[in-house]
Amino acid sequence: MELPFVTHLFLPLVFLTGLCSPFNLDEHHPRLFPGPPEAEFGYSVLQHVGGGQRWMLVGAPWDGPSGDRRGDVYRCPVGGAHNAPCAKGHLGDYQLGNSSHPAVNMHLGMSLLETDGDGGFMACAPLWSRACGSSVFSSGICARVDASFQPQGSLAPTAQRCPTYMDVVIVLDGSNSIYPWSEVQTFLRRLVGKLFIDPEQIQVGLVQYGESPVHEWSLGDFRTKEEVVRAAKNLSRREGRETKTAQAIMVACTEGFSQSHGGRPEAARLLVVVTDGESHDGEELPAALKACEAGRVTRYGIAVLGHYLRRQRDPSSFLREIRTIASDPDERFFFNVTDEAALTDIVDALGDRIFGLEGSHAENESSFGLEMSQIGFSTHRLKDGILFGMVGAYDWGGSVLWLEGGHRLFPPRMALEDEFPPALQNHAAYLGYSVSSMLLRGGRRLFLSGAPRFRHRGKVIAFQLKKDGAVRVAQSLQGEQIGSYFGSELCPLDTDRDGTTDVLLVAAPMFLGPQNKETGRVYVYLVGQQSLLTLQGTLQPEPPQDARFGFAMGALPDLNQDGFADVAVGAPLEDGHQGALYLYHGTQSGVRPHPAQRIAAASMPHALSYFGRSVDGRLDLDGDDLVDVAVGAQGAAILLSSRPIVHLTPSLEVTPQAISVVQRDCRRRGQEAVCLTAALCFQVTSRTPGRWDHQFYMRFTASLDEWTAGARAAFDGSGQRLSPRRLRLSVGNVTCEQLHFHVLDTSDYLRPVALTVTFALDNTTKPGPVLNEGSPTSIQKLVPFSKDCGPDNECVTDLVLQVNMDIRGSRKAPFVVRGGRRKVLVSTTLENRKENAYNTSLSLIFSRNLHLASLTPQRESPIKVECAAPSAHARLCSVGHPVFQTGAKVTFLLEFEFSCSSLLSQVFVKLTASSDSLERNGTLQDNTAQTSAYIQYEPHLLFSSESTLHRYEVHPYGTLPVGPGPEFKTTLRVQNLGCYVVSGLIISALLPAVAHGGNYFLSLSQVITNNASCIVQNLTEPPGPPVHPEELQHTNRLNGSNTQCQVVRCHLGQLAKGTEVSVGLLRLVHNEFFRRAKFKSLTVVSTFELGTEEGSVLQLTEASRWSESLLEVVQTRPILISLWILIGSVLGGLLLLALLVFCLWKLGFFAHKKIPEEEKREEKLEQ
């Protein structure tokens, strides 16, 4: 077998950088513009070019003192010095709208919008409010600002005149009949006190008349309620003998409401006539009333009957005149009181009826629905106007408004009831929280608006708004999680920049991720023709943390010059509210799911909070023709500059192309080595346009066998790693560098030497270009080893292997392994008869009953044989590594020892020689050699028997003992005195038991075993007839030849070295048999044989196979004794006993000894 080598082979491997590594937004050199954090400076940002300068506009909607957060917009110069501060625009100080009062807490700057190509912009204050009666309505307003940063009007498309926008002229009878005048003054003061007097609400004028009318004060004379009350208090009666009411009404309707007297053309006109008598010019009354009708004047008539009642006159004619003066119906516009004092009683009723009137408006039906619309909360520029979100319209259900050329268009309240059911109108869906639009193929445009609180999950609708206010919803998108604020931010994206929308991004910044973290999520929808919006996937921060990812989003031009637009997503709560900005690259089919860059505020040189709360990236602000990105933070605005993108094409060429295994051409560190030179080259290209320095520096470092233990190669004058070097590159050119290295160790020629170069652009001194995403950051060259194999560079070898074992054994005549021999020798010879054999190896496999003790070369040889043990019964040996050269021959001796634990019937040794060189099939048969022999083992066993009864005497009848004879035990013992683990042994016991006629003389009563299994077989039949008891006197032995024997066969368990096993046989002697028999002495012979199972690898010696147990039985005769001898013996015994008793008596043995108390008692009795 050969591993193919080609001398000119190169194997370059390129390693790419990760997707989340920093890309071409320069986060290390940001442009920071600080501002007041308490003003929420950074809430909104807008890139702006106007007046020949580049600015970054920053909204500070909470700017101003506490209680008057008017808000403002700061302009931060970008083209000038880096430390130039931001200038406050003071836009909040201007009078916005037609209000005469300065707005407070309007929060100007919450949204900023670039206007069409005039260098101006629009700043919105959604909380701009105006008072209407006792209510305050936040309709919102947007200020138009020109290129010189001066307000040029405002937009308040939902701001409407208050219902109390009225001009009220009081025509007061001051003739002599009015009495008392103080009651009239009180009536005037109380009536004025109920009116909301303000230049934007109610103005009051007064005409007093008697004989002639007089303008006491005109409509525009007083601006506050206090001024009018003061004038009413100081009003004097004109007096007069006549009451010319018609003339006064004519003057009031023709002069009092005129602009010269402070009248407002758009205000509602109310005339209040107070008189106590019928007019003296009644014939002129129809003309006066006609003039009032022409001037759209609504008339209240108040008849004071005090003069008539005091003189007891009929007031009918007077009341008819006053009813004629009052507008219809009389129930609403006519009053009569009994006297002057009673005027104060109708003040409340009159005030209520006045406030029941509304101003004159063209769109009266929607005035109250848009009062809290908060225009400017969200804005979107269209080609033909501006799209506003009206988040507070329709009781906070929300809506949108399209302003086109001064014409406003918005859907009526019920136009969206299919999407936003009226039953849920109190849930505050906040439609208009975000607005945008998308352009489909074919030129069709759809408006987009988010309602993040709809059903608490959020909703986005794509719709068309027609000229008549009708709405056609093309598709709606629903949020998936309660409280996620789905739809709070919308970002349509034209990825391929063909003018049509390809992707819609919908943010849910409060989406709860794992571990209840407020991670946020952005949903990516593909825009299609068949299915309008199809969910492609989601974007979210990793790992999960509190982020509010998607709080701000901004479409970006093609930052990475790949032809597709990109998008930025803010996450202001990341890293403990420091914030982060994510950059995603667009593709032909959408948006890449992983961020190309994450810019964390924590990694910036300035401490920031809530970085990423707003973002805008459309223009080049620093003048390098590259798009920059503006990002808002708490109290700061940051400008991130784009950096040029270059693409590096590295190459690495090595000379010579391969490393010689045998030849060395130089000396390094005092050793022979192979020297090589590598040419490292870089070709630089770039698609980045603009004015930037096309020359830059790069740092690189090189290493040899970086991940390999042990140094095979090193750089000249250095080690395995080369110190970092700096190289100057230029776009459009190829720059090269020479690297010199050498190889000392060629033994591991299979693995090429790996030369690895890693590189990166050097931007330590100034911001420079970045590498394209497709550019490598390292290159590796694998330099192979070459072989000395002739002109064809192909080594053809012929390995010949011969083996010889010093034992022989066949199946019929196996070799017996006896105790004196424990080893077997195998002589091995390996020879190479052709070309070099590289990486020659010898595989050795041997049977489990062998242990390799040693491998010894037979003669001194320069060829090394080194072996490793992949397993207990295999070896893998390298021979002459790395090259087993032509004609080489090596002989060595393998010494094996027989295993004591594994006993097999055969030993074998198999050897196989191989190399990486090529060997023809015709010579492969001698690459393998095997030798084997059949064997048996002679174990060292000791087989013995011992008995507890060796001789037994049989007593005749009439003597003791009587009954059966004794029970005795014969113990058989097998001891393993060798090293082998022996198994499969069998003990066969032949126990003589039965004589002629089935008479038992011995019988087996019990078998006691330990580590053995025994069975008792049938009685054996002797070669001849069993011996008869009467004939025992003619034989002296009982054995298996003349008796029937009991046979016990025991299979012994495994017997380890130094252990033993025993079998106990309990037998009973039958006295009855031997008492009847005629004999003097005989021997019972029990025979025991130790054998092996069939097919066993054991071979037992004769000495260890047999054992005997002998029992000698002897019959005794009775001895007769004379009767006189017995009688004499008894009498002699009795005489001897009497003599013994007499002697003891004489010695006092039988005398009773008294105790001391008894002696004393006897002495006393005697006395």
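Any Cβ shown, glycine's included, is placed from N, Cα and C.
Remember, it's a predicted structure, so these values are computed and weren't measured experimentally.
Sequence annotations record features per position, and here Swiss-Prot assigns repeat 'FG-GAP 2' to 95-154.
Look at Swiss-Prot and you will find 167-350 tagged as domain 'VWFA'.
Residues annotated as repeat 'FG-GAP 3' in Swiss-Prot: 361-412. Across all of the repeat 'FG-GAP 3' (361-412), the predicted model scores a mean pLDDT of 84.
For 417-470, the entry in Swiss-Prot reads repeat 'FG-GAP 4', with the evidence type sequence analysis. Helix, strand and coil content of the repeat 'FG-GAP 4' (417-470), in residues and according to DSSP, is 9 helix, 22 strand, 23 coil.
Residues or ranges marked as repeat 'FG-GAP 5' in Swiss-Prot: 472-534.
Residues annotated as Ca(2+) 1 binding site in Swiss-Prot: Asp494, Asp496, Asp498, Asp502. Less than 8 angstroms from the CB of Asp498 (Ca(2+) 1 binding site) sits no same-chain residue that is six or more residues away. Mapped onto three states, the DSSP output places Asp498 (Ca(2+) 1 binding site) in coil.
If you take the C-beta of Asn560 (Ca(2+) 2 binding site) and look for same-chain residues 6 or more apart in sequence within under 8 angstroms, you find Phe23, Asn24, Asp566, His585, Ala596, Ile645, Asn772, Glu773. The feature Ca(2+) 2 binding site is assigned by Swiss-Prot to Asp558, Asn560, Asp562, Asp566, with similarity to another entry given as support.
Per Swiss-Prot, the feature transmembrane segment maps to 1123-1145.
The feature topological domain 'Cytoplasmic' is assigned by Swiss-Prot to 1146-1167.
The CA atom of Asp558 (Ca(2+) 2 binding site) is located 9 Å away from the CA atom of Asp496 (Ca(2+) 1 binding site). Same-chain residues that are not part of Asp558, Asn560, Asp562, Asp566 yet have a Cβ within 8 Å of the Cβ center of the Ca(2+) 2 site turn out to be Pro557, Leu559, Gln561, Gly563, Phe564, Ala565, His585, Gly586. In the three-state DSSP assignment, the secondary structure recorded for Asp558 (Ca(2+) 2 binding site) is coil. For the repeat 'FG-GAP 2' (95-154), the most Cβ-contacting stretch among 361-412, 417-470, 472-534 is 361-412 (pairs under 8 Å).
In sequence order, Leu493, Thr495, Arg497, Gly499, Thr500, Thr501, Ala565 are the residues of the same chain, not among Asp494, Asp496, Asp498, Asp502, whose CB sits within 8 A of the CB centroid for the Ca(2+) 1 site. Counting every protein chain shown, the Cβ of Asp494 (Ca(2+) 1 binding site) has 18 other Cβ atoms within 10 Å. Neighbour counts were taken at the CB atom with a 10 A radius for the binding-site residues Asp496, Asp502, Asp558, Asp562, Asp566; the maximum falls on Asp566.
Remark: secondary structure over the repeat 'FG-GAP 3' (361-412) totals 7 helix, 21 strand, 24 coil, with classes taken from DSSP. For the pair Asp496 (Ca(2+) 1 binding site) and Asp562 (Ca(2+) 2 binding site), the Cα-Cα distance reads 10 Å.
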